Amino acid sequence: MINISFPDGSVKQFAQNITAFEIVNAISMSLAKAAIVVEINGELKDLSTVIENDCKLRILTAQDYECLEIIRHDAAHLTAEAVKELFPETQVTIGPAIENGYYYDFARDKPFSIDDLANIEAKMQELSKKNEKITRELWDRDKAVEFFLSIGEHYKAKIIASIPEGEPITLYRQGNFIDLCRGPHSPSTGFVKHFKLMKVAGAYWRGNSRNEMLQRIYGTAWATKEQLDNYLFMLEEAEKRDHRKIGKELDLFHFQEEAQGMVFWHDKGWSIYNTIEQYIRKKIRKNGYIEVKTPVLVDKSLWEASGHWAKFRCDMFTLETDDKTLALKPMNCPCHVQIFKQGIKSYRDLPLRMSEFGLCHRNEASGALHGLMRVRSLVQDDAHIFCAEEQITDETVRFCKLLTEVYKDFGFTDIKVKFSDRSEICAGNDEVWDKAENALKTAIEKAGFIYTLNPGEAAFYGPKIEFVLTDAIGRQWQCGTLQMDFVLPERLDANYIAASGEKKRPVMLHRAILGSLERFIGILIEEYAGKFPIWLAPVQVAIATITNDLNDYALEVQKTLIDNGVRTDINISPDKINYKIREFSNQKIPIIAVIGKQEQANKQVTIRKLGTIEQEILSIEQLIAMIKKENSNYL
């Protein structure tokens, strides 16, 4: 007999060499029908797994988040099975689960059409309803290669040949389809019910551009219809909010081939950019930061000394001049260390909080560029805190408080925190890492955050905190970071004089709240759907006249507003007032000020806020006071 321990603490005895399914069925027949996989001693396994020894066992159903990846992997196999039935000449390659779905790569001469996708999805529904049993098979390596070659699946044969000797070759069979896979999988195709094929794209075999191009079918799959519907609605809403689309409609920015990944900021977009920079500058000054400016072009010798040349060389733009190699900086940190090193620093100078809106360049692959979200030229709200070890906790708490205030001002209150601890390869000794990790954990808790652990995901030079925002339609964006660094001060010989009189290395905290301003503006455009709050809107007040004889008064009002720092637009054309209001509303201007004869006579305007039909009559002074009050909360 073997002892099986369950999550509730109970222990049950079963005969040796029993399958996981038999155990589940013995507990509950209804649970056996719902079970997808089991977790045995922390590892996910098929229900067909034979259990020979005592173990801890957890039964997972569609209600457990771990099963979502299983369902998506099942859906990838279902897609491949459907493609092989409809297009038997097609070769299958790989099909993993990914975030929000899966993909499968196919080798086929003729491209898949939109109609083909619809037919494949219909065939998948048919195969799902058949509820074909999914079984795991262990094959001899040579036999597996011979089998796949015999059915014309040359890519599968190549994959098997690349698997290290000694590793088992496992295949999964469902109906007439068989695929190479590690698993685990659901017991049958009937567990895959809620899915949709999304698109077809090109993909190189093995991700290498020197290899042949394959066709990649992307799909999404979920545990329930409600989850699928919610996801599809989110995608539809995201398309409406796409910052590239809104950016064009509101005349904020553009890109062009002659400067790939570089933003052409238009007047209105640049207004948003400068307002955010002004806001952040005010915040950091209040929090004791100094602001600096460092060179954009720096000799490669500094990047070699810092270690960035070895790691980021391929992502850096370089040029040769006067027999020297210069690089456009991809980040600001080595330059900030150079400022820290100017003059002798004492423990009394710490913590030194050094900020910069630093212009950085990164040679991103052209295929990775995506509007404002992924660019080659970017400015970060970057700062580095040089401090003593005993100051780490207080500085981290202080930063977390500042970050929370900033996110709240932009409308983000759902903040998730991820903590990355040391990997197997790390600089420094365990004692230093223990202190650093404990200091950051204590600080996160003091700041009121609950964090999830990313085991082993820290950089080699220190532990890291990541801050993830959730937007209006449920998407998550990693923006803020705090990265502890023991290595760079050592590499670049930064030190300070401690109270004891000895030289010590400062700890360096790399921190950002927004990340890159370009990306954060892209996030804000989509968060607000272009409807910026008054303080941030590129045009705060739009003036519209009812008749042409009011134009002089309207221009006088505009001048008064501009003189008082109000960002203003005006339409004194002969167009109808309803047309003017509609046009300004389409431009998502937060306040429209209408001027008629009565408003002129009383030195007033009638305002209407975006998204409402309510009107309010204000004097020019009252309107200015309202805007200034709104601005003063942030600027």
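Cβ atoms here come from the backbone N, Cα and C positions, even for glycine.
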Per Swiss-Prot: Zn(2+) is bound by C333, H510, and from H266, H370, H384 the site also lists H384
Set of same-chain residues at least 6 away whose C-beta sits under 8 angstroms from H384 (Zn(2+) binding site): N332, C333, H336, V337, R353, M354, M508, L509, H510, R511
The domain 'TGS' (1-61): DSSP-derived helix, strand, coil residue counts: 14 helix, 25 strand, 22 coil
For Zn(2+), what surrounds C333, H384, H510 with a Cβ no more than 8 Å from their Cβ centroid? M331, N332, H336, D382, A383, Q483, D485, L488, M508, L509, R511
Cβ neighbour count (10 Å, all chains) around H510 (Zn(2+) binding site) is 22
Suppose you look only at the domain 'TGS' (1-61); what would the mean pLDDT be? 95
